[in-house]
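All remarks here apply to the structure that follows.
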């Protein structure tokens with residue numbers, strides 16, 4: 001498409017994205033925060049965290065003295081973009097963090113780089129790499145699962161252990177370490193996550209570390225039931241809208257707002273080029289659905305798809321560095337007929353493509369037929385498989401039907417095959433499921449898929465709220481995360497309506513970070529409650545700035561507060577506009593606490609209540 005034929009609104013969006021890329025620098029971004037690094041035993045292991053600095057607590061009304069509040073370290077997915085000391089240049093990409101570890105293992109070798117041959121001749125579109133991709137040396141297996149089964153603790157595992165503990169050893173306050181036990185439905189909770197624990201979980205197949213050796217820019221992370229619940233963000237262009245600049249902007253924006261992984265679901269023009277820009281600039285693992293690009297190669301004609309074209313696409317993406325593939329190998333021909341009576345049929349793009357191909361050719365799904373070959377390729381690059389739920393329900397009416405669970409059983413069979421090749425596996429799940437039917441999805445997945453990590457889209461709990469499906473799905477996501485789901489795929493406000501923009505990405509991520517964190521609290525994940533306790537303490541002490549800064553979205557929290565009390569004095573007030581100065585429950589509760597401390601009262605009695613007259617309360621307001 002020529003630039004002159006692009007609608008004006010699209011040109012503006014693209015220009016804004018280009019300006020964002022050109023001006024991008026490492027930045028702490030969030031107020032009163034700084035980048036810190038946790039040092040591992042291995043000298044090259046430095047784990048990034050964001051540390052939120054807090055204000056001291058005023059003890060006494062007239063400022064008799066202050067008590068310090070320790071800074072709160074939080075998990076940070078922003079990579080180099082969150083470090084103001086790092087120079088960012090999206091045209092050269094990020095630092096190749098894991099390359100030193102990959103080379104030290106001496107079990108992979110460079111291969112000729114033909115990726116540049118696939119790039120557009122337009123220099124504005126192409127990202128020219130100056131390195132050769134690698135693959136496993138002959139006879140070697142290089143997956144994190146292989147290392148874990150061999151008893152090897154890799155630097156990636158050490159990195160992850162530090163990251164999952166979230167720097168909580170830096171906090172000495174007993175108040176902040178208070179936590180409810182939670183209920184984890186039989187999960188294996190560790191009070192302190194060690195590199196050995198990470199190794200054991202990966203070896204058992206209960207967790208995966210997506211880490212293609214050709215994406216050394218990514219920072220190690222783990223997806224598993226016994227770790228923090230993760231969130232994936234989907235980006236990617238379509239045949240109708242978006243550009244490379246906008247997708248790179250969305251990538252950076254997504255990692256800033258907490259995306260643990262990102263999937264590039266591009267289906268429009270320049271799929272290869274878009275993916276290269278994303279990979280070279282991504283500090284988080286990148287997933288794809290390869291069938292989309294394979295279909296583009298046959299000009300969208302499904303019956304022209306074949307195994308050779310698909311395998312060529314896998315190889316191309318493997319050499320670029322894709323960390324996990326969604327493969328719809330469980331959509332068997334006999335299961336397709338089970339969807340005929342559904343209200344909404346097959347709603348997965350990949351699932352519908354393979355279903356149509358099977359029916360047109362009257363043949364079994366070629367992804368299923370060639371699954372062992374897919375595994376061999378993945379083992380040579382350490383690409384994880386995300387076994388797609390091509391028959392997931394697209395409406396609450398179709399939830400938990402025979403087609404859905406038949407496919408799930410097949411995904412369990414494929415999981416065992418992948419493990420024979422030491423390939424890491426996770427299982428994708430629904431979809432649209434009403435609340436009372438969600439738990440079965442988790443229990444059946446654990447049973448039939450041998451506790452491989454579960455990765456779900458929501459699920460959406462009702463179908464009546466287009467424009468608010470980040471809410472309808474966030475409810476289901478929190479619940480299934482509590483039951484044991486390892487990663488939640490976000491849903492944006494644009495779900496069912498259109499391609500999400502930058503702001504939609506943020507809204508979807510905030511909703512899903514809330515859901516994931518709520519699940520971690522419910523499971524009793526060690527250290528999950530520290531930030532909540534810090535927020536509650538700041539709220540009770542009317543430290544408004546700290547309340548804003550501890551929030552998932554400090555900017556929105558501050559904006560809402562300042563809509564009614566914008567003055568600087570409002571940040572020092574012992575009330576907000578909801579209750580005002582006379583009816584603030586926390587202000588009154590604080591007076592009661594101060595009074596009991598002043599009078600050394602240990603228990604509440606009728607005589608104590610009688611003492612709480614106006615003069616007593618006023619004197620206690622110190």
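One is the number of the first residue shown, and numbering goes on along the chain from there.
Including glycine, each Cβ sits where the backbone N, Cα and C put it.
Annotation comment: Swiss-Prot describes 234, 263, 292, 328, 348, 349, 350, 389, 390, 391, 392, 428, 455 as substrate binding site. Per Swiss-Prot, Zn(2+) binding site is recorded for 432, 496. Look at Swiss-Prot and you will find 576, 579, 584 tagged as [4Fe-4S] cluster binding site. The feature region 'Disordered' is assigned by Swiss-Prot to 109-130.
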Handout entry: Cβ-based isolation winner (fewest other Cβ atoms within 10 Å) among the binding-site residues 392, 432, 496
Key = 496
Fill in the blank from the handout: Of the binding-site residues listed (292, 455), the greatest number of other CB atoms within 10 A surrounds the CB of 455
Practice task
Measure from the Cβ of residue 350 (substrate binding site) and count the other Cβ atoms within 10 Å, all protein chains considered.
Solution key: 24
Problem - Maximal Cα-Cα distance (Å) across residues annotated as binding substrate, namely 234, 263, 292, 328, 348, 349, 350, 389, 390, 391, 392, 428, 455 - result: 20
Handout entry: Three-state secondary structure, which DSSP defines for residue 496 (Zn(2+) binding site)
Key = coil
Fill in the blank from the handout: Counting across all protein chains, other CB atoms within 10 angstroms of the CB of residue 390 (substrate binding site) number 32
Problem - Subset of binding-site residues (292, 390, 392) lying within 10 A of residue 432 (Zn(2+) binding site), CA to CA, in sequence order - result: 392
Completion exercise
Between the C-alpha atoms of residue 348 (substrate binding site) and residue 496 (Zn(2+) binding site), the distance in angstrom, to the nearest integer, is 12
Exercise for the section: Return the residues near residue 234 (substrate binding site), defined as same-chain residues 6+ apart in sequence whose C-beta is under 8 angstroms from its C-beta, sorted by sequence, else 'none'. Expected result: 262, 263, 265, 489, 490, 500
Exercise for the section: Could you state the whole-number distance in Å separating the C-alpha atoms of residue 392 (substrate binding site) and residue 496 (Zn(2+) binding site)? Expected result: 15
